[in-house]
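A.B. asks: Structure provided below as structure tokens; questions to follow.
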Amino acid sequence: MAVHKEVNFVAYLLIVLGMFLYVDAKACTRECGNLGFGICPRSEGSPLNPICINCCSGYKGCNYYNSFGKFICEGESDPKRPNACTFNCDPNIAYSRCPRSQGKSLIYPTGCTTCCTGYKGCYYFGKDGKFVCEGESDEPKANMYPVM
């Protein structure tokens, strides 16, 4: 009987420790950020609803395709330091595919977003337009303390 109690205790302990490892140990503070806007490279457009962009101004990490699905190029512009490109549309590009495809591409206003609560893969800028940080959260965290 004592062996069963020890086994149960060890199993319970492993489950509790596993839960602590699974939970994100990093807690974000409740202060609001002073961010101006955020850019999150996202998939856009489709063969039937093409986008207006060119390879120079397309985001690094995003691939651009024509309406038949043929690869045209990878974006060349780093959201942290955008290229000085013309804003001419490349008529060959119909749509993009980026690693993160959900949510908005431009976050404005940022509300109470901080670098800690912002999405990984999104780039946040101050009100002066200068790069501040990349988001640190794998998933959006609920804002428990909304701006009053």
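A Cβ is built for glycine as well, from the same backbone N, Cα and C atoms used for every other residue.
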A.B. asks: What does Swiss-Prot give as the disulfide partner of Cys56, choosing from Cys28, Cys32, Cys85?
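C.D. replies: It is Cys85, per the disulfide annotation in Swiss-Prot.
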A.B. asks: Cys73 has a disulfide partner in Swiss-Prot; which of Cys52, Cys55, Cys98 is it?
C.D. replies: Cys55
A.B. asks: Could you tell me which of Cys40, Cys52, Cys133 is bonded to Cys89 by a disulfide, according to Swiss-Prot?
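C.D. replies: Matching partner in the record: Cys52.
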A.B. asks: What residue among Cys62, Cys116, Cys122, Cys133 is stated in Swiss-Prot to be the disulfide partner of Cys98?
C.D. replies: Cys62
A.B. asks: Quick one: of Cys28, Cys98, Cys115, which disulfide-bonded residues lie within 10 angstroms of Cys56 (disulfide bond), measuring between C-alpha atoms? Sequence order, please.
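C.D. replies: The disulfide-bonded residues passing the 10 Å Cα test: none.
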A.B. asks: Counting across all protein chains shown, how many other Cβ atoms sit within 10 Å of the Cβ of Cys52 (disulfide bond)?
C.D. replies: 13
A.B. asks: Which of the disulfide-bonded residues listed here (Cys98, Cys112, Cys122) have a Cα atom within 10 Å of the Cα of Cys55 (disulfide bond)?
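C.D. replies: If one measures from the Cα of Cys55 (disulfide bond), no disulfide-bonded residues come within 10 Å, so the answer is none.
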A.B. asks: Give me the Cα-Cα distance between Cys115 (disulfide bond) and Cys28 (disulfide bond), rounded to a whole Å.
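C.D. replies: The Cα atom of Cys115 (disulfide bond) is 9 Å away from the Cα atom of Cys28 (disulfide bond).
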A.B. asks: Which residue among the disulfide-bonded residues Cys62, Cys73 has the fewest other Cβ atoms within 10 Å of its Cβ, if you could check?
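C.D. replies: So among Cys62, Cys73, the disulfide-bonded residues given, the one with the fewest Cβ atoms within 10 Å is Cys73.
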